[in-house]
Amino acid sequence: MLVAGLTGGIGSGKSAASDCFISLGVPVIDADRVARLVVEPGSEALDKIAAHFGDHVIQANGNLDRAALRRIVFDKERERNWLEALLHPLIRDHILDTLEQLDEQGHAYAILASPLLLETDQHLLISKVIVVDAPEALQISRTMARDNIEEAQVRQILAAQMQREERLKHADFVLDNSGNEDQLRESVNALHPQLSQLAQEEV
């Protein structure tokens with residue numbers, strides 16, 4: 001089974017592109033969703049996070065307070081490295097298990113959607129890279145509207161991510177999302193048969 005990675009900067013339209021693939025019957029593994037699953041209440045990972053950072057990163061309902069944790073690790077490299085060393089192997093194992101199940105179900109190809117596809121070892125799980133791309137000004141305006149945050153905060157997130165030019169260098173396919181959702185859907189529809197063909201050639 002061919003595995004294609006789907007990535008892009010914040011506000012580029014990764015979720016919208018994922019939805020387009022899902023509507024075509026292509027299975028999509030959302031790495032962000034997997035990252036939430038491995039720290040669900042009762043998980044060993046969540047217990048370790050609470051022991052390391054303190055109970056103030058746990059909400060009253062037992063869930064991880066992601067905003068509180070993000071504030072701690074954002075500019076503290078040592079703490080961020082500790083967290084990544086704990087979570088990334090768990091996320092990777094969960095993704096591998098899911099890919100194995102999808103392969104057994106007979107899917108031609110699957111999509112691994114991840115904002116950190118190229119920054120982590122997740123790129124080792126895929127054979128093709130799809131980058132959803134949009135101009136920075138559009139990324140900023142979309143993120144401000146979606147997350148109700150200030151421009152300075154979006155720029156801080158952008159600065160911490162892989163730069164757009166660097167990301168595009170890794171792309172086998174680029175989905176231009178500078179237009180509307182219908183245009184993005186057309187781009188995904190055009191890419192789908194190419195990926196299906198590549199999947200056949202891999203068999």
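Using the three backbone atoms N, Cα and C, a Cβ is placed for every residue, glycine included.
Annotated features in TrEMBL:
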type	residues	note
BINDING	G11, S12, G13, K14, S15, A16	ATP binding site
>> Other residues near the ATP site, CB within 8 A of the CB centroid of G11, S12, G13, K14, S15, A16?
In response: G8, A17, V132, A134, R142, N177
> Taking the Cβ of G11 (ATP binding site) as the centre, how many other Cβ atoms fall within a 10 Å radius?
Replying inline: 22
> Ranked by the number of other Cβ atoms within 10 Å of their own Cβ, which of the binding-site residues S12, S15 ranks first?
Replying inline: S12
>> I'd like the number of other C-beta atoms within 10 A of the C-beta of K14 (ATP binding site), please.
In response: 25
>> Applying a 10 Å Cβ distance cut-off over all chains shown, what neighbour count does G13 (ATP binding site) have?
In response: 24
